[in-house]
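Here it is, the structure in full.
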Amino acid sequence: MSLLPSKTQASAQVTDSFTPESATARQQSQVVTARHTMVVTANPHATNAALAILKLGGSAVDAMVSAQLVLGLVEPQSSGIGGGAFMLYFDQHKQQLLSYDGRETAPSNIPDNIFIDKDGKPLPFFEAVVGGRSVGVPGVIALMAKSHQQHGKLPWQTLFQPAIELAQKGFVVSPRLHTLLTKDAARLSQDEAAKAYFYDNQGNAVAAGATLKNPAYAHSLTLIAKQGTAGFYQGPLAKAMVDKVSRHTTNPGYLSMQDMQEYQAKLRSPVCSDYRQVKVCGMGLPSSGGLTVNQSLALLANSNLAEMGPNSPESWRLIGEASRLAFADRGKYMADPDFYQGPNLNLLAPEYIRQRQNLLQPGGKARAAMPPGQPDMAMPQANLSAEVSIEQPSTTHFAIRDQAGNLVSMTSSIENVFGSRLMVGGFLLNNQLTDFAFSPKQAGLDVANKVAPGKRPRSSMAPTIVFKSNQPYLVIGSPGGSRIINYVLTTLIAHLDWGMTLQQAIELPHMVNRFGSYELEAGTAATKFEASLKAMGYEVTVKDLNSGLHGFIIDGNSIISGVDTRREGSAATLD
Ligand code: GLU
């Protein structure tokens, strides 16, 4: 049987074939073991900054602020204060899990057809991305301030010092940043500020190993350090962002001073459900991450993955089919919950899961199509259509444990590699609005994730904390566009079902199925499954699958790191 993707599935495969933050050389893995503190981030400068803050007696949230500010400098392709983030926070003393939503919002005068061309067709992706059109109100600073108010120990200004100093004195450009700058030169150097900062007069990207100073970023951070959120959401910096977006000569956007001023980070309810002996907790809507990971796991609860093991094609058929089922529901039912009240947690209801499990048919074949199911709706809404948005891999995940045992699991993003390619105040602005569905309607029906003023685009970010006997056990997350969901899912299965260490689980070659076609990680043993998956009826593609899985396990008295060798991450401890 050959797998015939439905129309939606086919278009997903075309649009999702971009991988702008592409793979770079693999690094060696180094596992760090600790007893108290742990920091794992995508870049050693950020790891060191977080560690320095912990050393001063700072909390996990204090260390998060410093790590994020440094990441915006040294890994500008992935995240920064011009973007948004989701954070899971575990308060050890209160034994409480909180989740913070710092997702970008759509400007208040945005039309719902912003990503449609004059003939009524969705814009080509990069026509939408590059310029002001795709820029949402950034949420990172508000998330940092809100969580620091609750869980910070050190003064706000102190947390800005590592990034300000590094921006002034300069940091050594990493091979990955250099490679990505070279690949993106045509788009990124359209912006004068980005061109002047990243490229020389001949248009060559700053070399790997060169020292790059960013006085503009130091200046912006000094302002925000002194004035708090007002330094970012009001005044000259906000004005510079608004001007950059709204006065873009070829592709202006809608950001206004009022949009900036009204931005709020939000506390959301985490999404938790049981799997095997543990409880897996993730980020709720507007990120689809927690619901889609947890629904995939729930669908697999009756499958004996442990016995079949990672070398069995049948294991991968079941994982792939469970993921497809969850992605089908994600496409139809998941969006900003302040705008669309879909089934939400009813997607995890036992009766509904049983119905959907029937579609994981025995018989060893891929299903030709995987339509969304019919869960109970929290508030029934008629006629919603399934939709596919195009999320591109360019994001960062980091994990922190402080001396008191508090935990941060945070995924942060400017969306595409180098975001909208607009640079203001030494940082890049996001293109997160392209995470909305480009078409507000499909086949005449409304789409849940359509553009609306003030709305947050649906995300796939999946910062995760797993609990065992009610105590935190595993902290994990990844970049990777909507493949984040699969990277986190298979890492959990590899550890929980197949008994791999976290590092082994992270290094397991990726095999991803979201919409029908199976993607296998190029240059790895995953490609050995090509023939057996084809025989099951899957279309198979072999490609770079560039995760950035970072986290740790807390096993009794040992905390053991996991760092993705596909990027430039590092782990370190104080003890
Ligand atoms: N924009 C995506 C999201 O919010 C993340 C992109 C990425 O992981 O690179 O889900």
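Indices start at 1 and increase along the chain as displayed.
Each Cβ is built from the backbone N, Cα and C atoms, and glycine gets one as well.
Annotations for this protein, taken from TrEMBL, read as follows:
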type     : residues                               : note
REGION   : 1-28                                   : region 'Disordered'
BINDING  : Arg103, Asp435, Ser459, Ser460, Gly481 : L-glutamate binding site
ACT_SITE : Thr395                                 : active site, nucleophile
What count of other C-beta atoms do you get within 10 angstroms of the C-beta of Ser459 (L-glutamate binding site), across all chains shown?
31
Just the number: how many Å between the Cα atoms of the residue listed as 'active site, nucleophile' and Gly481 (L-glutamate binding site)?
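Approximately 8 Å lies between the Cα of the residue listed as 'active site, nucleophile' and that of Gly481 (L-glutamate binding site).
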Where does Asp435 (L-glutamate binding site) sit in DSSP terms: helix, strand, or coil?
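The residue in question, Asp435 (L-glutamate binding site), is helix (DSSP, three-state).
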Rounding to the nearest whole angstrom, report the longest C-alpha distance spanning Arg103, Asp435, Ser459, Ser460, Gly481, listed for L-glutamate.
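Looking at Arg103, Asp435, Ser459, Ser460, Gly481 as a set, their Cα atoms extend up to 15 Å apart.
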Of Arg103, Thr395, Ser459, which recorded positions come close to ligand 1, meaning Cβ under 6 Å from one of its atoms?
Thr395, Ser459
With every protein chain in view, what's the tally of Cβ atoms within 10 Å of the Cβ of Asp435 (L-glutamate binding site), excluding that atom itself?
28
Which has the fewest other CB atoms in a 10 Å radius around its CB: Arg103, Ser460, Gly481, the listed binding-site residues?
Gly481
Including all protein chains shown, what's the count of other C-beta atoms within 10 A of the C-beta of Thr395 (active site, nucleophile)?
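For Thr395 (active site, nucleophile), the 10 Å Cβ neighbour count is 32.
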